[in-house]
Amino acid sequence: MTLSEGTGLAVPGAATEPPGGAAQKRSWAGESGESVARNLVLVGVLVALIVIGAITQPQLYSDSTWVWNNMVSILQLASVVGVVTVGMTFVIIGGGIDLSVGAIVALAGVWCTTLATQSYGTVGMIFTAIVVAVSVGLINGVLISYGRLVPFIATLAMLVSARGLAAAISGKQTQISANTFINSLASDRVLGVPLLVYILAVVAVAGWVLLNRTTFGRRTVAVGGNPEAARLAGIDVKLHTMLLYGLSGLCCGIAAIMLTSQATSAQAAMGNLYELDAIAAAIIGGTLLSGGRGTIVGSILGVLIFATITNLFAINGLSTEAQNMVKGGIIVAAVLVQQFRFKSVTQFFARNRATTTS
Amino acid sequence: MSEPDVVLRLTDLVKTFPGVRALDGVQLEVRAGEVHCLLGQNGAGKSTLIKVLSGVHRPDAGTVEWLGQPVAFANPQAAMKAGIATIYQELDLVDDLSVSENVFLGHEPRRLGFIRRGAMADRTRRILGSLGHEEIPARRMVHALQAAGKQVVSMARALSQEAKLMIMDEPSAVLAHDEVENLFRIIRSLTAQGIAVIYISHRLEEIREIGDRVTVLKDGRTTAANLSAKETPTSELVSRMTGRTIEYVFPPRPEEPPQREELLRVDGLTRAGEFRDVSLSVAAGEIVGIAGLVGSGRSELLETVYGARRADTGTVTLGGRTLRPGSVGSAVRAGMGMAPEERKSQALLLGEPIYRNMTLATFSGLARLGFTDAGRERAEADRIAASLDLRPRDVRRPVGTLSGGNQQKVVVGRWLLGDTRLLLLDEPTRGVDVGARAELYRVIRRLASEGVGVLLVSSEVPEVLGLSDRVLVMREGRVVRQAPSHELDEDTVLDLVMAGSLMEGTPA
């Protein structure tokens, strides 16, 4: 017999009673109200950055064609890192970190643009990039889950060796992509927007659904939020952790194709420091570095904020050095804000507990 | 005014936590140079008392008189400075520092900001010598020492700050048998220097050997003070510790059912250093309780049955199916569920809503093609919340906002959602207030009446006796007694778990 049948006995009416109708309406706010608020703050920051752009360069912003093109270029700038960040967000929510994403992008990009691979055509190149990237991600996952390596160390080692392999395969040469389909992903536009941006949109939506609407996503939150509780509830924490790194690899594979398309070539140095951009974007987006909490929307907003800052510096003719310093400051500020919020939330819990039990 | 040799006097000490009155009128008087033993069951308030004395908690009422002056320690450093040192069971040493660095941690002898390493090592050697342990090298890393050595270092640290009172919380628990004698020798040398020792132990034989006077606590109150450690009869000590003043309401046991089907069979289960050769069985609809002290291997046993630890030898069979050792998944699929000892760290996602915590083991089953069905999960969780009388009932609230008792209901509720046939409960009422306890007891009994087998571990003997149909008593990793609960009483169980001091050679 099942327990669930028997336990309704105490309150017989309860089983048929629908869960409070009034409460249903505010369910989205009740469950994720905090992250919604956080994301609204991020949207505010984004708007503020654009306003700063308009104030500093009024003559550029008076030209609507330029504004549109600038928006598109920001989105295009964000697209590749955005895809990597979606995978990174899963890994961090699951309680890990993946420092090897940039190196995986490079390895997958180089591997899929070798002359041998290119001879298999578009499908062969895409297939190669995805398989290589997923495999490398799964190797990370196996080392971390079953080899019990600390994620930081395992993926740091992978960062070095994957880029080393990429350099060996390419012979340190830039490999030109002759594939017109792949090259068209960056150059072709639909409704004035490059295909790359659509790819980011698809990956982000898929990531959102995966995180919020599937058992995989639920397991990710559980494994990152409290691995021991997840284990004792019967979740295979090791298997799931391994899969998370595979997922990060998959995103890197997609990003590798996108980046190759953007440059119409691939080389071992591509995707440099993507790990930092992706981690920073996820953190700014409200992903808790210790795991268990984070949103795809927040991460994408984080990527857009970074892309907008880069753009802001570019249109004002400021150096990338100054830009990097500002980015560093923003990361620190974001984490400080996060800690402050988290503290106030736990204090709220503590107060609540005291009042409900006394 | 105190007599000259009384160093510590506690009067009517009270400390409450939300829902619990942990200390409810404690009297204690400790003289210089004596070994004063504290005796009491788990939950009697010993740990809280230690924490008040060492400055971790501040009392709500009552006075602490230290060296004739009323004091209130703001923090552990203040207590330490005043001369009260605590040697915790989990020794608070830094493994990767040397012995002398640990001894002088936080108060290193310095000159112009530089640590005087030579002087520090010299003084460490002198202190170790005074403890009779000059063989411990002052520059050795602490992680290279055995538990007994670490304990000595911890005491040396206390001496380096000129402690006048040392509180030792079950110091013998981490020691092998022959090391206990050595510990006693150290304690004697301390008391010879006029240092007072508060000694906490469950082992009556130790108290007899080392103790001067005994104070007994029960339910946060002093039930007997300043008894002679050598002469007070064991029966008197035990009776002072037992007989709860808070009457728990246990649901009535059902009439003896005719034939119960065996559900769980554990055969010769062993894990080195934890428990040995444990065999037991639980029938459908039966509640089996395991009584034992912390460290008797009971929680480890439960976790091994569940697959959270891998057994060295032995088998676990549920409903005729032998489970894969060390696989929680296998146990859960076979119909086992566990409410672990540490609710917050082992069972709950505190920031997540109640319903997601309740469906943590079943959300995959409630999902369609890998897509979760939050509406159905909420409905199911709401149904369970109603049957468990969860307060507040809104299953969208983060589980961290609930009280301890209601959090425990969420953990138990998790297993009511699936096809759980055997429920393992580790300290189900820890941190749960009295009212909620009675509710949990009713829930557990109702589950059993519906055919679920329950294997329960608790430090509180009355709970095990009152709730279970059958009781296993564990001591030092072995089952020393197995009997229907109506054949046992609190005194007997307590004697059994306390190193067989009274009834040597009990039938196993």
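Numbering starts at 1 and runs along the chain as it is shown here.
Using N, Cα and C of the backbone, Cβ positions are placed for all residues, glycine too.
The compositional bias 'Low complexity' annotation in TrEMBL covers A:10-23. Residues annotated as region 'Disordered' in TrEMBL: A:1-26. The annotation transmembrane segment is assigned in TrEMBL to A:36-55, A:67-93, A:99-116, A:123-143, A:149-169, A:190-211, A:242-261, A:296-315.
Tallying C-beta pairs under 8 angstroms between the transmembrane segment (A:123-143) and each of A:67-93, A:149-169, A:190-211, A:242-261, A:296-315 places A:242-261 first. Tertiary neighbourhood of the transmembrane segment (A:36-55): same-chain residues 28-29, 61, 284-286, 295, 297-298, 301-302, 304-305, 308-309, 311-312, 315, 341, selected by CB-CB distance under 8 Å and a gap of 6+ residues from either end.
Long-range contacts of the transmembrane segment (A:190-211) within the same chain: residues 68, 72, 75-76, 78-80, 82-83, 86-87, 89-90, 93, 184, 217, 220-221, 251, 254, 258, 261-262, 295-297, 300, each at least 6 residues beyond the stretch ends and with a Cβ under 8 Å from a Cβ of the stretch. Only residues 6 or more beyond the boundaries of the transmembrane segment (A:296-315), in the same chain, are considered here, and those with a CB under 8 A from a CB of the stretch are 35, 38-39, 42-43, 45-46, 49-50, 52-53, 56-57, 60, 70, 73-75, 77-78, 81-82, 85-86, 88-89, 200, 204, 207-208, 211-212, 277, 280-287, 322-323, 326-327, 330. Away from its own ends, the transmembrane segment (A:149-169) comes close to residues 91, 96-100, 102-104, 106-107, 109-111, 114, 136, 139-140, 143, 245, 268, 275 of its chain (Cβ-Cβ under 8 Å, at least six residues beyond either end). Only residues 6 or more beyond the boundaries of the transmembrane segment (A:99-116), in the same chain, are considered here, and those with a CB under 8 A from a CB of the stretch are 80, 84, 87-88, 125-126, 128-130, 132-133, 136-137, 140, 152, 155-156, 158-163, 165-166, 169-170, 175-177, 248-249, 251-253, 255-257, 259-260, 265-275, 278.
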